[in-house]
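Features as listed in Swiss-Prot:
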| type | residues | note |
| --- | --- | --- |
| BINDING | 14, 15, 16, 17, 18, 19, 131, 132, 133, 134 | GTP binding site |
| DOMAIN | 2-184 | domain 'tr-type G' |
């Protein structure tokens, strides 16, 4: 056991986690040169295209150290993006140490800090590593000082390497062996294994990635899942070297997979504990805290007969992505679908793309909303995540919106732009600290503003240098109202949104104009109105198409033309009473893209 090292790699987006893991795999000979591929561990097409890691992946490597002993390294590559921070905390729960990778050109960024504190909270040993020293703008001395100054861990003799060229990778491996403690656990105690991740394979059923804390899990053992109390037999156990490799047993301290032919999707939830069916452990291991979705949106299949497939797809995804929340919802405009809870906008985009790609669905999404706390005049408090569920205005005593604490790290020269942006987003400044060339600003911002387009705007005002990390702190009273869109006097439920009163004019006008472009002209006038309660705040009209009925008149009396025009008018009037307007799919998407 003292030859096992479990660690994960944490870093800000694009500081080279995945490339470093590729090098470690190559040096330890996990894959032959032919199978070696850039970013081996980012197995989803989506991850490769966007160049980001979404799911944490695990690998077991053998490393012969300089002292001649052979060590087993289990490491987990983690995502760097703020929306996936729960993936990081799950991976860290299975480790004794973490490599904090910092780009020697960019220096410390907000996510570096956030992930590092998560690791320190879990009592892990954090080992700093300066990556990308081959870059001309790399300045390892300055960055090492920055790590000590901002993060507060000793970094003067941090390993310097370049994952791209392979310089210093041996030093990284030596540091892992020396500085990360071996796992503690009792091989003779009853089995306790933590499920770090699980995914659904259509041939094998549920595949679970586990970390053995105590005891041993052998192939053919009968084990039980502690939360459901169900018993299963371990058909196969083994490790990833990135390839699936079967073994006869997983020992204490190891990380590996278990396949037990569990068919129902929620048979082995993430964060659960496995133990043996006979004389097993009494109590489960402390799991992870459940993450609460921050953003909700309605998602509907374009054709209603895809509803069943959509539900199956969501079930399979939710096994793999523990943070996904969904419940059925129906809308008069869009038919049946689901209300889905996400951790942020990137998460929402990724889930939607995965559903469309991996499960071949055509989907349409309504505007995302955050959860509001509503105090009713009757004294009860309700939580609303769908504009359609908002009670009537006269029943509401007070609306409270979620506030997040946003930590932004930005170079001095862009500070002004960032502050302007935060003020525009109704933020209040809490703190500002200068660290050399970087400034750390803390703002309290309404989550609804952060969710919409804050991240993109932050990146563009700071030329991509600012970085952001945020978490929910409390609900604050705010003057929020529901903006409805009426088409010919009928409310379209899927277009409603909850926004701050100061924005309604601007937002209403923009929406109405946008809808006017997108709704095709009919034989009668279509009135598009934006309303708050019963007050109309903006209107535009899609003009009717009309036939030139007087074309065949040649000369003659004006009353002849009048007669024809009046006849046309009558017809249009009748048509307007019975006609209904089809709102095209693009119009729903327009609501999402309003800010552009």
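Using N, Cα and C of the backbone, Cβ positions are placed for all residues, glycine too.
Known features from Swiss-Prot, placed on the structure.
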residue: 14; record: GTP binding site; Cβ neighbours (10 Å): 16
residue: 16; record: GTP binding site; Cβ neighbours (10 Å): 24
residue: 18; record: GTP binding site; Cβ neighbours (10 Å): 26
residue: 131; record: GTP binding site; Cβ neighbours (10 Å): 30
residue: 133; record: GTP binding site; Cβ neighbours (10 Å): 21
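In this structure, residue 133 (GTP binding site) belongs to neither helix nor strand by DSSP; it is coil. In this entry, 14, 15, 16, 17, 18, 19, 131, 132, 133, 134 make up the residues listed for GTP, with the farthest two CA atoms of the set 17 Å from each other.
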